[in-house]
Amino acid sequence: MTGKQFPLNEYIAALAKFLDTIEYQDDNFSYEERVESLRYVYQHTAEHFDQPVEKAAVKVSPKRLQAVMRTSTLVTVYCWVKCPLDVMVGVSIYFAYIIMLDDSSDTPNTEMKTFCEDLIKGRPQKHLFWQRMNAHLTNFLRYYDGFCAITIFRSTLDFFQGCWIEQNNFGGFPGSSYFPHFLRRLNGLGGISSATLFPLSEFDERVVFEEIVTAIAQIEPQLTLCNDLISFYKEYDSPRDQINLVSNLAHCNRVGWEVAFEELTRDTILYCEQLVTVFQGKDPKVEATVRAFVHGYVTWHLCDPRFRMQEVYDQTGQSEADLKFRRFYEQATSIGVIDFKLWASPNESNSDNKKRGHGQAFGDDLQNGKTRVLESIGQANASEPVALAPLA
């Protein structure tokens with residue numbers, strides 16, 4: 001779609017209808033609570049990656065690592081609102097590993113030959129991502145009961161396979177109509193994003209099992225479709241972002257992007273409508289948790305500069321849809337735009353780390369670049385490669 005004029009009016013109309021459908025209003029945090037949560041999660045995520053075993057495994061500059069941790073912290077705090085802070089830290093660390101996996105470019109054919117046999121027999125994995133992720137999951141999954149824990153692990157496997165496909169730069173054959181949705185389900189992280197909302201300390205799986213299962217089923221498509229709709233503007237004319245849902249739908253179904261975008265908009269609104277209504281009259285705590293996640297996820301997208309929503313806002317006119325989008329955007333940015341210096345500045349991090357016996361410095365800000373996980377959860381600067389090194 002590069003080189004074609006962007007369909008701004010259609011895009012703003014779709015966003016306005018989407019935001020209106022979910023009745024967007026993020027009242028998850030006070031300003032002070034948001035800043036304190038960001039600071040807590042960021043600092044504890046930084047402490048995790050400052051451990052000697054992590055330094056030996058993850059070969060990345062302090063500047064790049066800070067960008068990754070800021071991304072994982074932001075999306076976690078904005079979306080996992082109802083979870084205890086220590087659970088948020090676990091989610092943030094998980095997403096940091098995911099971002100670093102997505103930055104890798106080598107296909108894992110060799111390391112994955114014995115993955116299943118090693119998994120079944122309890123042997124150490126050969127792929128370095130799985131070495132570090134399994135070490136984290138061993139502790140993190142203790143926060144969850146059986147069904148949610150399996151869902152988290154399954155979603156991790158799905159994402160790994162999605163990256164594997166994309167490392168081959170394959171978007172499906174023409175005529176393979178379900179392939180775009182298949183690939184998007186794999187790399188969308190819907191299972192982990194939904195299942196982690198229900199830690200054992202807050203929910204009894206036996207009591208609200210049906211609600212949890214339904215939340216996982218409904219959030220999985222809603223999460224990816226919402227992201228793909230909002231991302232459409234930033235991806236439209238970017239050569240490196242052309243393997244996306246709209247492009248894959250157009251290619252595999254042999255239709256124009258207009259038809260593919262209409263399908264995306266229609267499905268996004270459909271699943272959002274279902275998510276808004278399906279929990280009415282069900283367990284109120286589950287309903288509140290899902291609502292907080294959905295609205296926080298939208299806030300994150302509207303406020304993150306990498307989605308370039310400010311550019312869209314600056315181009316709005318006076319139509320009903322334009323005015324509606326402006327109102328929602330102003331509402332989101334009034335609560336969601338917080339200076340990094342208040343919770344993740346290099347000086348603050350260094351000072352805090354020294355108090356705890358850690359001296360690693362962090363710097364740099366999030367800039368440009370694309371990683372697939374950030375099609376689902378955010379964006380980090382991908383200009384510098386990340387490598388997982390063999391453990392000593």
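Every residue, even glycine, has its Cβ placed from backbone N, Cα and C.
Per TrEMBL, the features are as follows:
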BINDING   D102, E166  Mg(2+) 1 binding site
BINDING   N227, S231, E235  Mg(2+) 2 binding site
BINDING   D241, I243  Mg(2+) 3 binding site
Taking just the CA atoms, what is the gap between E166 (Mg(2+) 1 binding site) and E235 (Mg(2+) 2 binding site) in Å?
16
Applying a 10 Å Cβ distance cut-off over all chains shown, what neighbour count does D102 (Mg(2+) 1 binding site) have?
25
Hey, what's the Cβ neighbour count for S231 (Mg(2+) 2 binding site) at 10 Å?
23
Give me the CA-CA distance between D102 (Mg(2+) 1 binding site) and S231 (Mg(2+) 2 binding site), in Å, as a whole number.
18
Least Cβ-crowded entry, counting other Cβ within 10 Å, from the binding-site residues listed as E166, E235:
E166
